[in-house]
Amino acid sequence: MEEQQASTSRLLEGFQYERLLNEDARTRTAAILGRYVDAPPDERAVILVEKTHFSPSFYRALGATVSSQHDTARAPLSAIRSLGSNDVYNWMLGWMSSSPASAAGVKRSAEGEEKAADVDGDADAHVKLTLIRPASEAHIKKYSEQQKVMITETPEVYEQVVRPWIESQPVGRIQWVYNILDKKKEADTILYEDADAKNGFIVVPDLKWDQKTLTSLYLIAIVHDRSLRSLRSLTKAHVPLLRAIQQAARKVAGEKYGLPTADKGKLRCFFHYQPTYYHLHVHIVSSDYQSPPGAIVGQAHLLDDVIDLLEMGVDFTKRTLTYSLGEQTELYTVLCERLKL
């Protein structure tokens, strides 16, 4: 464990801040661009920083005496614990240097050097970090502040522009998804699986969720069929698959996390179009989640509505879909070039 924690702490060692890509005071998140001193000149990294939510131990400790002693000369984070890694992504929890909890997560060697030690899993982490290294230009644009534009995608635009662009995407962009499906990474996070190659899927926690706060419960169902890329790929034949995902979502939320799913209205399940990555997946969140990322008009399509439309015989390749797209995204650039937007 000590060796693992020391290795985790080195994930941030040598990172040099370059500029702020974006920040949101409401969601307490920021995206930072930087470089590593020992990396090739053209390699960059993105770090996503998120303030963690309060835990029950925080509430219970509110009446305790607060120490005013702190050492501003120390590094901002004195302890880091890994949540896992997959392809270019690394996920961590961090403890601030001035906190008593972080002090328990740091020990000193005989030479006085600070080393990360085992951090109590129940201690309140201050931040959640996502390190993307190396970060592609697509990563940097994705997390940069940018203007949004509403796009009306007709069936013709889909067939002539969007579909060829989706199919041209290099497999490496979704290798991390295949790693999960093949159980090369994050196998211990799989909460449910139907292993059928055509009609099966897995359910895993979304790494945006702390796996503690039920009101912000966030799961992802990822299908095994690699030919299904997006909402447009679905036909009436996929209705049994989608209903199975609904049932599995309620089962996992109820049995694993104690969400009262006897009431079918306790979960909100939806697709994104356009999605962040082009392998079909369903977002599963608590209906009490006030502002889940992406659950907005112009991006989210409720699973119940999609099932109903498919049962009515609607062909999603023949529908006109309107969605919001960032001006720095690759797809927006392609649409501008082809459609002279």
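Heads up, the Cβ atoms here are built off N, Cα and C, so glycines get one too.
Bear in mind that TrEMBL entries carry predicted annotations, made automatically and left uncurated.
Keep in mind that this is a model prediction, so the values were computed, not measured.
As given in TrEMBL:
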- Trp176, Glu186, Asp206, Lys208, 272-283: substrate binding site (BINDING)
- His281: active site, nucleophile (ACT_SITE)
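Sequence features annotated in TrEMBL and their locations in the structure.
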residue: Trp176; record: substrate binding site; DSSP (3 states): helix
residue: Asp206; record: substrate binding site; DSSP (3 states): coil
residue: His272; record: substrate binding site; DSSP (3 states): strand
residue: Tyr278; record: substrate binding site; DSSP (3 states): coil
Go through Gln274, Thr276, our binding-site residues, and report the one whose Cβ sees the most other Cβ atoms within 10 Å. Gln274
Measure from the CA atom of His281 (active site, nucleophile) to the CA atom of His272 (substrate binding site) and give the result in Å, rounded to a whole number. 9
For Trp176 (substrate binding site), nearby residues of its own chain (Cβ under 8 Å, 6 or more apart in sequence): Asn86, Asp87, Val88, Tyr89, Lys185
Set of same-chain residues at least 6 away whose C-beta sits under 8 angstroms from His281 (active site, nucleophile): Val177, Ile220, Ala221, Ile222, Val223, Phe271, Pro275
Long-range Cβ environment of Tyr278 (substrate binding site), under 8 Å and at least 6 residues apart: Ile166, Gln169, Arg173, Ile174, Arg229, Ser230
In sequence order, what residues of the same chain, 6+ apart, have a Cβ less than 8 Å from the Cβ of Asp206 (substrate binding site)? Tyr218, Leu219, Ile220, His283
Are there residues of the same chain, six or more positions away from Leu280 (substrate binding site), whose CB falls under 8 angstroms from its CB, and which are they? Ile222, Val223, Asp225, Leu228, Arg229, Ser230, Leu231, Ser233, Leu234, Phe271
Measure from the Cβ of Val282 (substrate binding site) and count the other Cβ atoms within 10 Å, all protein chains considered. 23
What is the Cβ neighbour count of His272 (substrate binding site) at a 10 Å cut-off, with all protein chains included? 20
